[in-house]
């Protein structure tokens, strides 16, 4: 059973549309079987239960029209007569309501009066539980809190070491005070010797503990760094194809490289400076005991540091954003240039490319220089505040000593203590650029880590694929505002059948196979394998059982054997050789000195196009997939290489469902059935000879063009 927009159960239609909006796959047949037992359509209660089963959080409320603009949209307006509709958007200024008429399968704008006439006060708010969890688990600075809790024992050890370091930092000025006020005045050489030995011991302990703290801290932050790096790469590979298609490679690489900024921040002095700053309250208490006036001068300088940082930060952030954007442009241009080096040399456009690079590089250097200048101004401002405070303390301290309110030893001890307080403040102020930079890095990295991965319900325990394929009422477009690529496509393929798909460029041939690999979920309709809706299937389970050979296949910079056995590195050599023979690759591999251990070079640069293609076919066959897709796999080959592959095609296709997409009609003429597509629709299908008999058909026209 396929739920389309002509279904009598508008509740089920609405549920499907809302589920698709929240990127949640839905099996209409399963929902109807579980929750529409009487076959009369979903009731309000059963609708809410069905939504809950899909991990949707649905809440039925009564809401006045005047307060509808406060709710999250889209939402379902529930009608007692079953004429439900979706409320998509509200224009409060013009008092217009954008709705979606489920009966007519079309958007509709209602005036205030029209909406009031059909609104009964009942509305169902729908949100995705997964999206709520995703927002709670959003990658930002709070992500590091669980990591800190996880390694709390190590951080507690670091805190304990920091306490001892601060105690030693407190003792040292006291020793100097005793020397100045007692030893020098009374000429106490024995006391001087004792204090010197004690001070030496304190210094040794301070050095050892400081090194130990740095080691412990670096060790724990390195673990967090490894966890973040591993999570980033796993998440990157789990992102849908659409994420990469909508972004330049250089942009993605630039965002991943932001991990270096976070790493430098975690292992740098910034966090230890924060720990030192936390102990400043103890120092302030001792300093207040020495001289409240001098302490107030120090306290008065702290807002100056803060205000200066607040003034600099927004400007610095804007300049860092500009620097990142220009750096990402450079990264993207560099990747593009290296990838297209053959074209650049063939067309002799190196001067033009160099000119573009020089302009972009100059722009990046200029933005980087502006960041450096502003950071320098910020640091000099901090130095100015520090020097001003030092002069004021010197002048005021000297007055206090002269007036007898403070001894020379106390003044020296106070200055040493104030140095211990101000040092972490100055370091933090000077490292404010790092704080700002790491904040931007976290945001940039969040663009990757907060992007949703490929989703599936994972509730179906699916067996091994047999090979039956069905496309039912498929409608698809790559973006909501993009033109329709596939429109009302219906196609059934029996297991073991060899299907050829032909048509003009842009007719939707490759898109059909992308839906079969679940790179995308159709806007409407179902893609079924052995009767199972692929929207409910684990993408990895599916793709492991489908072999795909494209026109331009990518080989990794590894040996031929490793490329063929990519999905299962421990695969036996017998399986690798069998797949290579089936693909017609064994003979040329045997002729190479290193044989299957030959390194193919980056993207297979050490091999010819035909050799790369045959290795790609072997890689697709080595797992014995029940479904095999050849997407223009032979269109770029010379006739000899194509002949070798076509000779083995009967063996390759044996026991498999095979889909051949080709512009060359000679590639598909022996197929069991040929599908002809035009503008996203199937316009013809049949065997080669049958299609040729239709002189007015597209296939006959394409065949005549190729003959001529």
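Backbone N, Cα and C define each Cβ position, glycine as well.
Per Swiss-Prot, the range carrying the annotation transmembrane segment out of 129-149, 192-212, 213-233 is 192-212. Here residue 503 (ATP binding site) comes close to 509, 676, 677, 678, 698: these same-chain residues lie at least six apart in sequence, with C-beta atoms under 8 angstroms from its C-beta. Remote same-chain partners of the transmembrane segment (296-316), defined as residues 6 or more beyond its termini with a Cβ less than 8 Å from a stretch Cβ, comprise 284, 287, 371, 374-375, 377-378, 381-382, 385-386, 388-389, 392-393, 396, 418, 421-422, 425-426, 429, 432-433, 436. Other than the site residues 503, 504, 505, 506, 507, 508, 509, 510, same-chain residues with C-beta atoms no more than 8 angstroms from the centre of those residues' C-beta atoms, the ATP site, are 511, 677.
Non-local neighbours of the transmembrane segment (159-179) in the same chain are 191-192, 195, 198-199, 202-203, 205-206, 209-210, 212-213, 216, 272, 275-276, 279, 282-283, 286, 407, 409-410, 412-414, 416-417, 420; each lies 6+ residues outside the stretch with a CB under 8 Å from one of its CB atoms.
Counting other C-beta atoms within 10 Å of each candidate's C-beta, the binding-site residues 504, 509 are led by 509. Under DSSP, residues within the domain 'Peptidase C39' (1-126) fall into helix, strand and coil as 43 helix, 34 strand, 49 coil.
Looking just at the domain 'ABC transporter' (469-704), the mean pLDDT is 86.
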